[in-house]
Structure formats: C-alpha cells, structure tokens
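Below: the structure, in structure tokens.
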Amino acid sequence: MKLSKYIDHTLLKPQATEKDILKLIEEAKTYDFASVCVNPSWVKLAYENLKDTDVKVCTVVGFPLGATSTASKVYETKVAIEDGADEIDMVISVGQLKSGNDEYVKEEIKKIVEASKNRLVKVIIETCLLTEEEKVKACTFSKEAGADYVKTSTGFSTGGAKPEDIKLMRETVGKNMGVKASGGIHTREEMEVMIENGATRIGASCGVELVK
C-alpha cells in the first residue's frame with residue numbers, strides 16, 4: 001500500500017474555517033489520502049466535495065473528551081452518517097473505563113458500531129490517560145464490540161501516539177483489526193516507526209509534509 005493511503009488528513013481545530021476545510025479536501029484529492037477527518041459540522045461539505053473520489057469522509061464522535069452520554073454519541077453517529085460520513089472515530093468514556101465500569105464501555109462501543117450501519121468505526125482510547133492494563137482492556141472491548149480499529153489519541157489531551165503503545169495495541173487486537181496512530185506525528189520517520197510497530201492508519205494534520 002502506498003504511503004498516502006495510510007493517512008487520515010486531519011483538521012479538528014475549533015477555529016478551522018470553511019476555507020481551511022476546503023484546502024484540506026483539495027490536498028486530500030491531490031495526494032490521494034485515505035480520508036479527511038473533520039468535525040461533524042463539516043461532514044456535509046466534505047461529502048459534497050469528495051463523493052466522486054475514493055477519499056473517504058471521516059468524522060469524530062464524543063470528541064474530544066469522550067464524556068458525553070452514550071445516547072448523545074449514538075445520535076452524533078447517526079447524523080454524521082446521514083450527512084455522508086464513511087468513517088466514525090469515537091472517543092471512549094475514559095472515566096467509566098478507569099472506574100472499572102467495563103460493561104458500560106463495551107456496550108457503548110457496541111451501540112456506536114450498530115448505529116454506524118457498517119461504516120468503519122475507530123475507537124479512540126486516549127492512551128496518554130491509561131495504564132497499560134487499561135489500554136489492553138480498551139483494545140479488547142473494542143474488538144469484542146465489533147469495531148474496526150483502535151486509535152491512540154484525540155490529539156487534544158496530554159500526549160499523542162507512542163511506538164510502544166502501537167506495539168501493545170497490535171499485540172492485543174491481533175493482525176486482523178486496524179490500529180490507528182494519531183497525535184504528534186510530524187515527520188515521515190515518525191510515521192514509518194508507527195507503521196513498523198503495527199499501525200495501519202495514521203492520523204495527522206501535516207499529511208502533505210509526510211508524503212512529500
């Protein structure tokens with residue numbers, strides 16, 4: 001697979017304007033990225049501009065804290081799909097996971113997967129906030145709930161992707177599930193290290209620089 005197809009070309013800053021999003025979309029077309037990842041209010045715009053290409057539209061749910069209710073996340077997912085999203089990057093409820101409320105976490109992921117109607121679901125586990133044991137649990141629950149990917153980070157917390165986390169996530173989910181590294185990946189070398197450790201998708205706001 002060519003390098004560009006690993007990349008979710010991402011712009012999730014709250015101050016991003018329509019002009020910024022359109023630039024992101026044009027870059028994704030030019031460099032043939034896997035997807036653009038945008039906030040939910042921009043999904044329709046992305047869909048309209050990408051529907052005749054093979055660049056997917058990715059959006060986020062429960063972002064960035066993961067602390068909204070399951071019902072809210074399900075509704076967000078349904079609206080995103082109606083607006084044209086191909087891929088859903090959801091944030092788990094980190095606090096529920098750390099409280100040992102395993103069924104809550106697992107059921108929530110399952111409900112998002114059901115609401116996604118066979119669209120790709122990536123589960124953001126926010127590795128920087130978790131212990132190693134919690135990372136393993138989050139990955140295991142994501143796999144059991146039928147998600148397609150586990151993802152390291154929102155990029156809005158205290159840290160991003162680390163090679164050792166990617167390695168642990170890959171070992172936990174096995175070879176048939178996707179692993180997405182996101183947060184703090186700024187060079188091609190960093191990207192290649194993530195891929196070597198098991199990442200099958202890269203979330204980055206500097207996608208153009210990574211493939212130039």
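A Cβ is built for glycine as well, from the same backbone N, Cα and C atoms used for every other residue.
Per Swiss-Prot, the feature active site, proton donor/acceptor maps to Asp89, Lys180; the stated evidence is sequence analysis. The active site, schiff-base intermediate with acetaldehyde feature in Swiss-Prot is assigned to Lys151.
Shown on the structure are the features that Swiss-Prot records.
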residue: Asp89; record: active site, proton donor/acceptor; DSSP (3 states): strand
residue: Lys151; record: active site, schiff-base intermediate with acetaldehyde; DSSP (3 states): strand
residue: Lys180; record: active site, proton donor/acceptor; DSSP (3 states): strand
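Contacts of Lys151 (active site, schiff-base intermediate with acetaldehyde) defined by a Cβ separation under 8 A and a same-chain sequence distance of 6+ are given as Asp89, Lys122, Val123, Ile124, Ile125, Val179, Lys180, Ala181, Ser182, Arg201, Gly203, in order along the sequence. The number of other CB atoms found within 10 A of the CB of Asp89 (active site, proton donor/acceptor), across every protein chain shown, is 28. Using a 10 Å Cβ-Cβ cutoff, Lys180 (active site, proton donor/acceptor) registers 27 neighbours.
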